[in-house]
Amino acid sequence: MIVIMDNGGQYVHRIWRTLRYIGVESKIIPNTTPLEDIKAMNPSGIIFSGGPSLENTGNCEKILENYDEFNVPILGICLGHQLIAKFFGGKVGRGEKAEYSLVEIEILEEDEIFKGLPRKLRVWESHMDEVKELPPNFKVLARSETCPIEAMKHEELPIYGVQFHPEVAHTEHGEDILRNFAKLCGEL
């Protein structure tokens with residue numbers, strides 16, 4: 001089962017719905033859920049949803065602090081992506097412009113999360129802030145003309161972040177991105 005940490009984003013139920021559609025059990029939980037309760041669920045992966053504020057990400061940061069206790073793939077979406085970057089020493093700030101539209105991204109490195117996908121995708125973005133500086137030990141997987149770090153991955157751990165929303169129907173191959181993440185989690 002993949003646990004979805006609800007950071008108050010408008011699309012969190014779409015993550016659950018997409019995973020269910022592709023045959024993956026998942027559960028949305030409040031981001032304030034105690035770590036012991038999350039561990040008791042024995043998740044195969046964790047998704048940090050989008051949301052309005054880095055100050056309201058509950059126990060997501062504690063999951064990263066205690067990663068060895070979970071040792072499962074993590075995917076941060078939008079705010080979750082920014083949280084991962086900030087936690088590992090990257091910089092987050094206002095983008096050149098607020099993005100609430102389709103944006104074309106270029107996949108620089110296929111990696112597991114983008115396996116089998118075209119090099120260019122149109123994706124749905126809904127954010128004002130973005131990762132401005134990559135954290136140490138991370139690599140950029142995708143970029144766009146307006147956002148240089150659209151997707152990133154830890155170099156040694158299965159921790160990913162995407163600035164865009166793969167769960168939104170407007171995102172090309174969004175379902176495939178979530179399917180690839182589920183495969184990393186051993187769910188497919």
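Glycine is treated like the rest: Cβ placed from N, Cα and C.
Now, the feature entries from Swiss-Prot:
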{"type": "ACT_SITE", "residues": "C78", "note": "active site, nucleophile"}
{"type": "ACT_SITE", "residues": "H165", "note": "active site"}
{"type": "ACT_SITE", "residues": "E167", "note": "active site"}
{"type": "DOMAIN", "residues": "1-188", "note": "domain 'Glutamine amidotransferase type-1'"}
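In sequence order, Y11, R14, I15, R17, T18, I77, G174, L178 are the residues of the chain that are 6 or more apart from E167 (active site) and have a CB within less than 8 Å of its CB.
There are 24 other Cβ atoms within 10 Å of the Cβ belonging to H165 (active site).
On a Cα basis, C78 (active site, nucleophile) lies 7 Å away from H165 (active site). Other Cβ atoms within 10 Å of the Cβ of the residue listed as 'active site, nucleophile' number 27 in total over all chains. As a whole-number mean, the pLDDT of the domain 'Glutamine amidotransferase type-1' (1-188) in this prediction is 95.
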